[in-house]
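A.B. asks: Sharing a structure here in structure tokens format.
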Amino acid sequence: MGSLNSGYDATTEEPIPEVKWVDDDAIEVESFCVARESTIPLWRRLTSVLILTLLSLFTMFDRYVTAGILPALQKYYNISNTWGGLLQTFYVAFYVVCLLIVGIVGDRMSRKLIILISTTVWIIFMVASSFIPANMFWLFLIVRSLTSIGIAAVNALSPSLFADYFTGSGRGFALMIFFMSLPIGASSSIAFGSTLVDTPNFLWAIRLCPIIAIVLLILAFFFLEEPIRGGLEDSIAEEGGSVQEDFFKIVAVKAFWFSCLPTILVNFYLSGYSWWQATLVENAMNSTDYDPEIYHGIQYDQWMGISSVVTCVVGILGAFIGVNFSEAWRDGKFCFRKSIRAPAFTVGLSCLLSAPCYFAYLLLINKNIILAIAITSLGTVVSGGIFPLDVEIVLMVIPPSRRAAAVSIMNILMCVTGDGPAPFIVGFITDLFLGGSTVPVDQFFSLQKTLLVCQGLATTSFVFAFVNSVIFPKEMLKSE
């Protein structure tokens with residue numbers, strides 16, 4: 001078909017970018033504007049992506065390593081389960097504050113400088129937290145929470161840097177590599193911490209990360225590139241306004257919300273499940289007296305190791321398949337019809353097809369653990385593209401002058417709806433189902449029912465993703 005509009009603007013006599021329809025439903029837009037090639041050498045851009053990915057991996061490692069050594073920390077500081085749980089709550093609270101700060105300054109200052117300063121502060125607090133004496137848990141709680149400055153800066157600023165390094169499939173590739181670091185960092189930290197939890201050297205689980213982080217800080221200083229903000233796009237004329245103006249312009253973008261909602265719903269379930277998964281399996285094993293026909297001789301500690309390795313592998317595989325599937329669909333490769341809506345379609349399909357896998361896992365965990373692990377691994381692979389693709393859509397519909405703030409808001413929404421409250425909500429509903437019973441069978445089925453309810457809520461995420469497939473191409477045109 002012909003173009004919708006072309007030629008010249010009568011008032012400015014400047015050419016209007018031509019927007020074409022491909023088939024009936026695919027808008028052919030390179031990103032959300034006319035793009036140009038980066039002047040930064042490719043090897044420098046790839047090196048920057050690698051540095052940011054490694055920083056993300058080890059900030060995630062540091063975030064969850066305390067979960068791996070939590071029993072040892074409880075003994076060392078003589079604290080209850082309630083205070084142990086507050087480690088996560090305080091961390092998330094400080095993380096949200098740090099995201100707010102980074103979101104404000106990230107669109108107004110050098111992103112490289114912010115990352116260098118944040119990483120330096122993160123290293124200092126990591127080292128300091130590992131030397132706090134046993135009678136000062138309150139100080140340990142505060143200092144560990146302050147380490148969230150590292151992950152806040154990396155998570156909020158990296159996507160906006162990628163948007164200025166690459167356009168099109170290159171941007172998707174960078175996001176794919178970056179989001180692979182999340183499952184690796186989270187699962188490997190818990191597994192590593194678990195190996196030291198019963199040793200007198202358990203605090204070295206915290207001290208390992210600063211050693212590697214110092215090396216990454218040096219590499220970032222010399223090799224991390226600070227590109228021109230929006231330098232690859234012709235629609236960079238709009239400068240950032242005040243903090244209030246930027247905020248209201250971001251939240252006025254409908255596609256921003258329809259990108260956030262699937263991520264928020266999926267993250268709510270995953271946050272609650274991740275916190276309670278060990279308890280779920282332990283209760284399942286206790287309720288069946290470790291039936292060999294169900295667990296095939298696998299003990300609880302062995303399951304922890306297997307689960308960590310599987311999560312790493314399928315998390316990487318899922319991100320790779322999800323992003324490349326979307327790219328192939330968008331570019332019309334193989335059997336696909338070319339469509340700019342492919343990222344949202346892929347997110348919707350991922351949400352819809354992964355849901356039965358997660359439901360099946362919860363129903364099989366007390367019947368056949370091997371089959372349960374296999375089915376949840378399939379679900380993780382299918383859902384692996386949700387997070388990077390939703391972020392990619394946000395980068396498409398938000399102009400360069402507000403991208404850091406938009407990604408920060410997205411992360412804050414995930415924290416205040418998932419990372420922070422989800423473990424508590426799951427525990428609260430489980431207690432309602434439990435009714436005070438201490439029988440292992442009742443404890444298992446109460447937690448199972450709660451997680452099934454949460455997964456049912458998360459399943460609705462596919463609706464918002466498919467609605468977004470209609471909305472976000474129009475928002476891309478508005479942002480030109």
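Glycine residues also receive a Cβ, built from the backbone N, Cα and C atoms like all the rest.
Sharing the features that TrEMBL gives for it:
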TRANSMEM  46-65  transmembrane segment
DOMAIN    48-473  domain 'Major facilitator superfamily (MFS) profile'
TRANSMEM  85-106  transmembrane segment
TRANSMEM  113-132  transmembrane segment
TRANSMEM  138-161  transmembrane segment
TRANSMEM  173-192  transmembrane segment
TRANSMEM  204-224  transmembrane segment
TRANSMEM  255-276  transmembrane segment
TRANSMEM  303-323  transmembrane segment
TRANSMEM  344-363  transmembrane segment
TRANSMEM  369-389  transmembrane segment
TRANSMEM  409-430  transmembrane segment
TRANSMEM  450-472  transmembrane segment
A.B. asks: May I ask which of the stretches 46-65, 113-132, 173-192, 255-276 has the most CB pairs under 8 A with the transmembrane segment (138-161)?
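C.D. replies: So the stretch in question is 113-132.
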A.B. asks: Roughly where does the domain 'Major facilitator superfamily (MFS) profile' (48-473) sit in mean pLDDT, to the nearest integer?
C.D. replies: 90
A.B. asks: When only pairs 6 or more apart in sequence are counted, do the transmembrane segment (409-430) and the transmembrane segment (255-276) reach 3 or more Cβ pairs under 8 Å?
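C.D. replies: Contact criterion met.
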A.B. asks: When you check the transmembrane segment (369-389) against the transmembrane segment (46-65), do you get at least 3 Cβ pairs under 8 Å, counting only pairs 6 or more apart in sequence?
C.D. replies: no
A.B. asks: Cβ under 8 Å, sequence separation of at least 6 from the ends of the transmembrane segment (173-192): give me the contacting residues as numbers and ranges.
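C.D. replies: For the transmembrane segment (173-192), the list is 49-50, 52-54, 56-65, 67-68, 158-159, 162, 165-166, 205, 208, 274, 304-305, 307-309, 311-312, 314-316, 319-320, 322-324, 380, 387-389, 391-392.
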A.B. asks: What stretch in 46-65, 303-323, 344-363, 450-472 has the biggest tally of Cβ pairs under 8 Å against the transmembrane segment (113-132)?
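C.D. replies: Ranking 46-65, 303-323, 344-363, 450-472 by Cβ pairs under 8 Å to the transmembrane segment (113-132) puts 46-65 first.
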A.B. asks: When you look at the transmembrane segment (85-106) alongside the transmembrane segment (344-363), do they share 3+ Cβ pairs under 8 Å, ignoring any pair fewer than 6 residues apart in sequence?
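C.D. replies: By the criterion, they do not touch.
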